[in-house]
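Written below as structure tokens is the structure these notes are about.
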């Protein structure tokens, strides 16, 4: 009596396992027609938005940056001492003051809460075309519960699985524990300004095969792996997911993504990972602490699809108790500009598979250990190979013995004078000031943020 049942059960397990194996990297347990279509559409979209001359984007970024900084520096002198990031815990209590061009776009407007969608015009860099849910209605999250099979109206998961554009805000501060990874649909803004919203002690946020997303003002911390199972990813689709990695934010084959003013720490895997052909991404004004593998841009040396990856990393503070990967890159083109690296315990910038990484106007403070002063780390390749990769350091500030090992054509700048003259970033000496308000802001409606 037991024999046939055992055989049928074994056959079912074999079929199920065979179905899961090809898509383990995507965490899709059953790669059905919906996911196949999403994947193909996402790949085609990424190919279409790929910037064949990425230096044009860095040029535009730094031109706007320099123009804005000229204006901001006129008032910097009167506030410099009170806005420096100090060693104590005192918070800035003076009048609203912006320190970089992204924040200048919206922050000091006392009516920001009545004009939230102004934020959609403020992105810069490779993610500058991300407008999120600007063309949609507002959705107010009122409930911090989470049902990953049948999300309840008023919850964050219910908001992000809708098919139409939405600008998602929160009625009150809340802690949200996601029982499985929260899989988003395209054309969404998660805007937590004015309240304290924590995604914590559960799974993270997944942006898979979608486009046009803004995430602003979230605390994301203490993220763990999701166990997998049946998870709803749209109002009209639910499917089997394998175990999630435990990333804070996982960007998988997604395009036009802007992550701004987030505070992140202690996730099981990465804080922010961007893989499998993700492109058109800006990560700005973030504050990152207490983590090992901070950011991964490109997950595999064999994933040549990441050649389309183009990412801007700007005005972020990489802070206390970080260890490595700020970021760790493969393939792609990464612009690392005006960030403050005050802590690392292994290295700051790493990579393999010849990514192009342009570092401009950053501050690097090395740890006390004399064996950990180098900012950079190349992996899995001999020097004869990685010396061909374009890793350039321009206008960076190195402190406490920090040093950057460049590679690629040493005459790169002089050979690109038409571009080089326009792409110098703001001075690294100003980075502490420019990143003073990195992380979640303490915004209150009716007052400048």
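The backbone N, Cα and C atoms fix where each Cβ goes, and this holds for glycine too.
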* Structure fact -> Given that Swiss-Prot records 269, 273 as binding Ca(2+), the matching residue among 245, 290, 301 is 245
* What number of additional C-beta atoms lies within 10 angstroms of the C-beta atom of residue 56 (N-linked glycosylation site)? -> 13
* Within 8 Å of the centroid of the Cβ atoms of 245, 269, 273, which other residues of that chain place their own Cβ, given that this set defines the recorded Ca(2+) site? -> 204, 244, 246, 247, 250, 267, 268, 270, 296
* Asked: Would you say which of the binding-site residues 245, 269 has the most Cβ atoms within 10 Å of its own Cβ?
  -> 245
* **For residue 325 (active site), nearby residues of its own chain (Cβ under 8 Å, 6 or more apart in sequence)** => 270, 292, 293, 294, 295, 296, 350
* To do: Please name which of the binding-site residues listed here, 245, 269, 273, is nearest in space to residue 56 (N-linked glycosylation site), Cα against Cα.
  => 273
* What kind of secondary structure is residue 245 (Ca(2+) binding site) part of, going by DSSP in three states? -> coil
